[in-house]
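For reference, the structure discussed in these notes is given below.
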Amino acid sequence: MIQHPRIGIRPTIDGRRQGVRESLEVQTMNMAKSVADLISSTLKYPDGEPVECVISPSTIGRVPEAAASHELFKKSNVCATITVTPCWCYGSETMDMSPDIPHAIWGFNGTERPGAVYLAAVLASHAQKGIPAFGIYGRDVQEANDTDIPEDVKEKLLRYARAALATGLMRDTAYLSMGSVSMGIGGSIVNPDFFQEYLGMRNESVDMTEFTRRMDRGIYDPEEFERAMVWVKEHIKEGVDRNREDLILSKEEKEKQWEFVIKMFMIGRDLMVGNPRLAELGFEEEAVGHHALVAGFQGQRQWTDHFPNGDFMETFLNTQFDWNGIRKPFVFATENDSLNGVSMLFNYLLTNTPQIFADVRTYWSPEAVKRVTGHTLEGRAAAGFLHLINSGSCTLDGTGQATRDGKPVMKPFWELEESEVQAMLENTDFPPANREYFRGGGFSTRFLTKGDMPVTMVRLNLLKGVGPVLQIAEGYTLELPEDVHHTLDNRTDPGWPTTWFAPRLTGKGAFKSVYDVMNNWGANHGAITYGHIGADLITLASMLRIPVNMHNVPEEDIFRPKNWSLFGTEDLESADYRACQLLGPLHK
């Protein structure tokens with residue numbers, strides 16, 4: 001069984017015996033325990049289990065104790081460390097020297113002992129040695145016997161832990177390409193050096209003929225298939241067939257296509273993570289899967305010109321339920337766009353929620369909307385908006401039919417109610433695919449995302465000579481008047497899933513206007529997650545050494561390693577680029 005990645009907590013202490021160290025032992029170890037309790041009681045792994053922490057076997061005052069802690073962490077699958085102290089300690093003697101995992105240090109803000117002095121000293125050592133570390137220092141002075149963690153410190157500890165766990169969860173997993181490059185899309189030209197050096201992941205690839213091989217040879221669970229057919233007939237609404245009359249398939253042909261796309265889902269899932277049932281059926285090799293944390297399916301055009309498309313498979317892999325019940329989602333990219341797949345993966349690992357994959361299709365200005373519909377935009381839509389619409393697939397969680405406190409949300413699977421599953425199904429239909437584009441047929445996914453959800457749109461791009469860069473746009477989904485929605489939606493493909501999105505504007509740079517957001521977006525796709533998580537993404541990017549070229553996160557929420565400030569404090573974007581370039585990828 002593969003261990004969860006853990007956070008290692010390192011209580012460091014003044015090494016002077018005969019009174020000084022002894023007086024600090026309890027307070028120092030209690031700081032470590034309080035941080036571990038905070039993380040374990042607040043954060044969860046993608047499977048819903050509480051995040052695990054490992055505390056050093058003793059306080060760390062000298063190098064042998066630092067070495068003992070390091071050995072314990074190596075055996076315990078520790079993916080990041082947090083050093084805590086209320087006092088002065090010996091900086092380079094007590095620091096963790098691991099260069100390939102993130103580090104953070106919390107220096108207690110008190111007057112009796114100089115925790116802040118140690119924090120500054122050890123961060124200077126980290127900078128000198130080229131091992132980045134995040135500095136955490138409470139805004140307000142605390143009493144020496146105060147065991148509470150201040151709110152500002154909690155926020156930084158949790159932001160750091162979420163991002164650090166994401167690095168650990170990615171390491172030693174795989175991106176699985178099902179097929180190759182789709183229609184010349186740059187993101188589906190998979191770059192193995194990026195995955196290996198920045199994420200610690202490997203790349204695997206199967207030809208799309210693996211789907212037909214498994215279908216023809218019965219390499220899937222036949223009992224599950226029969227159960228799935230019953231569930232689909234009961235719960236899935238086939239939508240309006242908008243094809244030309246000569247392209248409309250017969251009822252019998254559509255029945256065969258439903259069988260086909262259900263098998264595609266089962267095979268796609270089994271390729272990613274394996275299925276012990278296959279071993280029972282005599283297919284031991286196929287049963288192990290590819291250990292894929294994220295995958296993509298090429299589809300267009302070689303597959304879709306002949307076979308039913310991947311929309312149903314992609315939709316339900318990215319959704320948190322199927323005929324087997326509620327479960328955690330997979331991360332699965334349309335058109336094998338690996339860079340959007342990674343963008344989805346970042347979002348997923350930070351939130352434990354499913355991801356919307358969408359084309360960043362159209363910028364609608366207030367003037368254009370007025371001309372086409374006669375409607376004057378107002379509220380969050382007043383400056384215009386973006387039409388996010390994928391060519392036929394999207395997680396059903398993207399409907400926004402789940403709720404929290406009466407508001408639409410996308411939530412982790414362990415919070416999802418059966419009634420919310422039913423609401424998602426009732427508000428979605430699956431029209432036959434547009435056969436002018438998808439000659440082999442299939443079934444698209446059609447819904448409208450509910451408005452007023454805080455969301456973050458993300459995209460990772462590769463820039464020759466620089467490497468990966470990340471862009472982030474926080475904003476809100478919109479609910480347009482029904483007639484306005486239909487008028488605009490019908491101008492594209494009304495058989496596809498639509499999300500209306502208004503980014504939050506700042507009045508400067510790429511966020512001067514909604515048009516500027518669209519104009520500066522780096523690719524045709526975006527990954528959309530529930531919540532405003534831009535600050536967490538910036539922290540994660542700094543750990544991986546990926547510069548952020550565009551974001552609308554308030555400056556006070558940006559949390560990067562302390563040595564980033566040594567690259568400059570006025571132009572943070574430039575400092576970020578130079579820090580990432582100098583330090584290089586996390587796993588190189």
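Placement of Cβ uses the backbone N, Cα and C atoms for every residue, glycine included.
For the Mn(2+) site that Swiss-Prot gives as Asp359, His525, the extra residue drawn from Glu335, Glu555, Glu556 is Glu335. Apart from Glu335, Asp359, His525, the residues listed for Mn(2+), the same chain places the Cβ atoms of Ile185, Gly187, Thr334, Asp337, Asn340, Phe357, Ala358, Asn390, Ser391, Ala523, Asn524 within 8 Å of the centroid of those Cβ atoms. A C-beta separation below 8 Å, combined with a sequence spacing of at least six in one chain, links Asp359 (active site, proton acceptor) to Leu388, Ile389, Asn390, Ser391, Asn524, His525, Gly526.
Taking the Cβ of Glu335 (active site, proton acceptor) as reference, residues of its chain lying under 8 Å away and at least six apart in sequence are, in sequence order, Ser182, Met183, Ile185, Gly187, Ser188, Gly296, Phe297, Gln298, Gly299, Gln300, His525. His525 (Mn(2+) binding site) is surrounded by 25 other CB atoms, counting those within 10 A of its CB over all protein chains shown. In the three-state DSSP reading, His525 (Mn(2+) binding site) counts as strand.
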